[in-house]
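What follows is a short report on a single structure.
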Amino acid sequence: MILGNLSGVSEFRLLGFPEISHLHPLLFVILLSLYILTLMANTVIAFIINSDNTLHTPMYFFLTQLSCLDICYLSVIIPTILENLMVGTVSISKTRCAVQMFFFLFFGVAECFLLAAMSLDRYFAICYPLHYTIIMNSRVCRSLVAGTYICGTAVGLVHTLITFSSPLCGSAINHFFCEIQPFLDLLCGNTFPSEIQVIVVAVFAILSPFLLIIYSYIRIISTILQMASAESQQKAFSTCSSHLLVVTLFYGTAGSMYLRPKYSYCASVDKFLSLSYSVVTPLLNPVIYSLRNKEVKGALRKKWKKI
């Protein structure tokens, strides 16, 4: 750690995984394989949905957006991780670090709000089936997606500008990319205001859409329990079970990372959590939606037969 005010620092050093340097080759192969699989899986899902007219519904429109977000979200950090595993400590310019943090926040926050929009879609589909096509028309769907990107842009810009305008007393980031929590260790003096800033952003970007999801599912479950037949209940629940599983994975890991104070920060644990929500979750999303969804599996089978 370099002592003194380094506000004029031009580059940072990403330490990566020095504690498991002997496993770098194996980890490189694993992460590269996961990255390729994620790109392929999400690309296939987006292609299948766009090429099959039966899947041109609001639910699959949002799923296509989720696949695109997952591809972009992962592509922001994987190249830096792979570089780190190849050469050890990576030097990254201040501009590149700021851009990486902005896009990481942008895609991450956009995904939070997109999952909330998907829960609203399921809420109207199950609770108001007769008015569903009127409520969730194409204009509303596009507006919801635009809103997710606006929220992502706002959070990314505000947080990145405030963070990088603070005085720095170090240039070594104990992480594998420009993550928010380890970056706080570089700030000079009292970091409490910056910690509060991170928690406020997390409450807005993670907790507020999560509360909307919780409300939607309370209404959904209440409506399902009032259905006359067990078959209707099972059919209704099957349409939202995949989304519920994805929400649990994403919010469980992201919330444990950001909705806590700095003193509980542990570098090795947080690196594992970062890998979980930024690498593993984007791969599991298309798997969950394809393996648990009869319509997607049917569309995949039809496309495979044509090929």
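Here the Cβ of each residue, glycine as well, is placed from N, Cα and C on the backbone.
Keep in mind that TrEMBL annotations are predicted by a computer and have not been checked by a curator.
Listed features, source TrEMBL:
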| type | residues | note |
| --- | --- | --- |
| TRANSMEM | 26-48 | transmembrane segment |
| DOMAIN | 41-289 | domain 'G-protein coupled receptors family 1 profile' |
| TRANSMEM | 60-82 | transmembrane segment |
| TRANSMEM | 102-120 | transmembrane segment |
| TRANSMEM | 140-162 | transmembrane segment |
| TRANSMEM | 196-218 | transmembrane segment |
| TRANSMEM | 239-260 | transmembrane segment |
| TRANSMEM | 272-291 | transmembrane segment |
Do any residues, 6 or more residues outside the transmembrane segment (60-82), come within under 8 Å Cβ-to-Cβ of it, and if so which ones?
14, 16, 28, 31-32, 35, 38-39, 42-43, 45-46, 49-50, 90, 92, 100, 103-104, 107-108, 110-111, 114-115, 117-118, 121, 141, 144-145, 148, 176-177, 246, 278-279, 281-282, 285-286, 289, 295-296
Can you tell me which parts of the same chain pack against the transmembrane segment (140-162), counting only residues 6+ beyond its ends and a CB-CB cutoff under 8 A?
58, 61-62, 65, 98, 101-111, 113-114, 117, 120-121, 180, 194, 197-198, 201, 204-205
Out of 26-48, 102-120, 272-291, which stretch touches the transmembrane segment (196-218) the most, going by CB pairs under 8 Å?
102-120
Give the nonlocal contacts of the transmembrane segment (102-120) in its own chain as ranges (CB under 8 Å, at least six residues past its ends).
59, 62-63, 65-66, 69-70, 72-73, 76-77, 144-145, 147-149, 151-153, 155-157, 159-160, 177-180, 205-206, 209-210, 212-213, 216-217, 240, 243, 246-247, 250-251, 254, 278
On the 0 to 100 pLDDT scale, where does the domain 'G-protein coupled receptors family 1 profile' (41-289) sit on average?
83
